[in-house]
There are 2 protein chains.
Amino acid sequence: MTEPSRPGEFELIARYFAPIAGPGGLGLLDDAGLLRPGRGYEVVVTADALVAGVHFFPDDSPDAIGWKALAVNLSDLAAKGAKPEGFVLTLALPRGWTEGWLADFAGGLARMAEAAGCPLIGGDTVSTSGPLTLSITAFGTVPAGRMVKRSGAKPGDVVLVSGSIGDGALGLKVHGPDKPDWVATLGAEDRAFLADRYLHPQPRHALADALQRHASAAMDISDGLVGDLAKLLKASSAGAEIDLDAIPLSGPARAALMAAPALAELAWTGGDDYEILCTASEREYPALVAAAEGSMLLLTPIGRITAEAGVVTYRGKGGAHSFAQGSFSHF
Amino acid sequence: MTEPSRPGEFELIARYFAPIAGPGGLGLLDDAGLLRPGRGYEVVVTADALVAGVHFFPDDSPDAIGWKALAVNLSDLAAKGAKPEGFVLTLALPRGWTEGWLADFAGGLARMAEAAGCPLIGGDTVSTSGPLTLSITAFGTVPAGRMVKRSGAKPGDVVLVSGSIGDGALGLKVHGPDKPDWVATLGAEDRAFLADRYLHPQPRHALADALQRHASAAMDISDGLVGDLAKLLKASSAGAEIDLDAIPLSGPARAALMAAPALAELAWTGGDDYEILCTASEREYPALVAAAEGSMLLLTPIGRITAEAGVVTYRGKGGAHSFAQGSFSHF
């Protein structure tokens, strides 16, 4: 078997990555890229690594892999109240990669970069004997001192989430190879919606400015609402009372829960939401919700911050509820 | 066989990585880190990925892997004239990683970070079914508009290199599993010197300020002097005349070339130098060399930039010399 004819590193950069580059990328021809934060601004930096077979299925559409790799980083920037400014990509390509795969991957990456106004400014491409591995470091800017931390929640603050919760975790079941019985009970449109929410998360960068102005704490929900709330509370040395019935669900997620009520647990604890979890004082809360609505994004109050560090009370129709395992573990 | 008892992601961060973190890392407890460039400064960004079995031997000392992973990025920052300010690390750990390995890796990383004043400000740790893979993105600052590019070399400029050339490529032979015959002819100290130059490259960040003030173009030499010079010339649309006999060699490298004269080719074209290749106008050249000497670093002139784009003439004792393959290819 002969190796397919493939472009070298420089052709590859020129053909697929240079079109995603902004002026700070210097045509991807130098050893480094440049960020030029405006006067009085700071740079927020976030990084996520993704490994084939761990974070996505190796045969997922390369377009979706490219989209999502950048989206999960932009989701972190949004939660910090930062405006996206650029990113770098390091890509370890497995033996047998094809140019077609790479073209589609770069296409998905380019669409997300374009949608967010976040150009590529540098990176590195290497080979690996293992699975495809990629790492993105993304940069955003905030006015100095205005990055929204996890640690700022205060007793009495309202707890809110953006969009709808659970679609990503349900979408993974719909999309994955071993489909549970409930999947067949959903209509084709609901299945497509949930799978797409898993494959193409929408980073909430439209919320960044509102969060920076009005939120007391925020993080993005990537490892499940219940587990990520525990992290925010730990950083803030606070507790919370959460109304499970207030947690917003999409129509397709509600349809799945009708078919299999036990899925509620998955919706609340499963990963891949890429929504924003935030808190705001009683005073700032109306302005935060109004600013979000101005960006056509829904922020839903789901509870209150309490003073007792680490204690979270979940209540719903069935009374109090406790969670055995809060969050996806990375090991 | 039972899995060794190992810390979870959060214990791991607290135990091994939080001690390397600077104030911008926010204790590595948030989703993002912060960079605060001073007024009138820009941020230079560079990234390198390293894969076990490709960029280092899987059984290399984890201390050396940690040191070198950061060093190769700091070398890029130095070449751009940037002062190191921080870095993020994404780490994909293979099955069977041990806490001892990680402790030593973090130790080497910490020593390099400390030596360069370049703290960790964020990252991500994931698992992989493949080889250990790590990616570092490093940040430095330069006064606005002063990043030293590859593209600024002008006809008549002096071409210079820092330190000594070829030690890394020779050191790889000394260190690697298949040792050529000439290795046995070297003394133990020479062998140790060359292997250490491969394992613990010294990024030339002490040169950053001098380069930013006086160099017309610069890059670090990671893929071999001959190949990297070709890249600098391509970016500058220029040519060069190089005196092979002027290329500085260390004592141990000269000893190796005495034993096997054909090694000169390896010294000039092999990778892993992590020295600086730069150019300066006739006017700026003395100030550049003097500033480097003030930092106890030697910059050696090896030739001149010429006007004919892409044409490089190499001359030495044996007359004109041409190179078949200029540079290490990443694929």
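Glycine is no exception: its Cβ is also placed from the backbone N, Cα and C atoms.
Note: TrEMBL annotation is automatic and uncurated.
DSSP places the residues of the domain 'PurM-like N-terminal' (B:30-142) in helix, strand and coil in these numbers: 36 helix, 47 strand, 30 coil. Here TrEMBL flags B:30-142 as domain 'PurM-like N-terminal'.
Over all protein chains present, the Cβ of B:Asp76 (Mg(2+) 4 binding site) has 25 other Cβ atoms lying within 10 Å. Sequence annotations record features per position, and here TrEMBL assigns Mg(2+) 4 binding site to B:Asp31, B:Thr46, B:Asp76.
The annotation Mg(2+) 3 binding site is assigned in TrEMBL to B:Asp31, B:Asp76, B:Asp220.
Annotation source TrEMBL lists Mg(2+) 1 binding site at B:Asp48, B:Asp124. Neighbour count (other Cβ atoms within 10 Å of the Cβ, all protein chains): 22 for B:Asp124 (Mg(2+) 1 binding site).
Positions annotated as Mg(2+) 2 binding site by TrEMBL: B:Asp48, B:Asp76. If you draw a 10 Å sphere around the CB of B:Asp48 (Mg(2+) 1 binding site), it holds 24 other CB atoms from the protein chains shown.
Around B:His55 (substrate binding site), taking its Cβ as the centre, 23 other Cβ atoms fall within 10 Å, counting all chains. Per TrEMBL, the feature substrate binding site maps to B:His55, B:Asp272, B:Phe328.
Positions annotated as ATP binding site by TrEMBL: B:Gly123, B:Asp124, B:Arg150, B:Ser222. In this structure, B:Arg150 (ATP binding site) is part of a helix by DSSP.
Among the features that TrEMBL reports, domain 'PurM-like C-terminal' is placed at B:154-311.
Taken from TrEMBL, the feature Mg(2+) 5 binding site covers B:Asp223. Taking the Cβ of B:Asp223 (Mg(2+) 5 binding site) as centre and 10 Å as the limit, one finds 21 other Cβ atoms among all the protein chains shown.
The domain 'PurM-like C-terminal' (B:154-311) scores a mean pLDDT of 96 in the predicted structure. Distance from the CA of B:Asp31 (Mg(2+) 4 binding site) to the CA of B:Asp48 (Mg(2+) 1 binding site) is 22 Å. For B:Asp220 (Mg(2+) 3 binding site), applying a Cβ distance below 8 Å and a minimum sequence separation of six or more within one chain yields B:Ser75, B:Asp76, B:Ala78, B:Ala79, B:Pro203, B:Arg204, B:Asp228, B:Asp273, B:Tyr274, B:Glu275, B:Ile276, B:Leu277. Each residue contributes its Cα atom, and for B:Arg150 (ATP binding site) and B:Thr46 (Mg(2+) 4 binding site) these two points are 14 Å apart. Sorted by the number of other CB atoms within 10 A, the binding-site residues B:Thr46, B:Ser222 start with B:Ser222, the lowest. When Cβ atoms from all protein chains are considered, those within 10 Å of B:Asp272 (substrate binding site) total 24, not counting its own.
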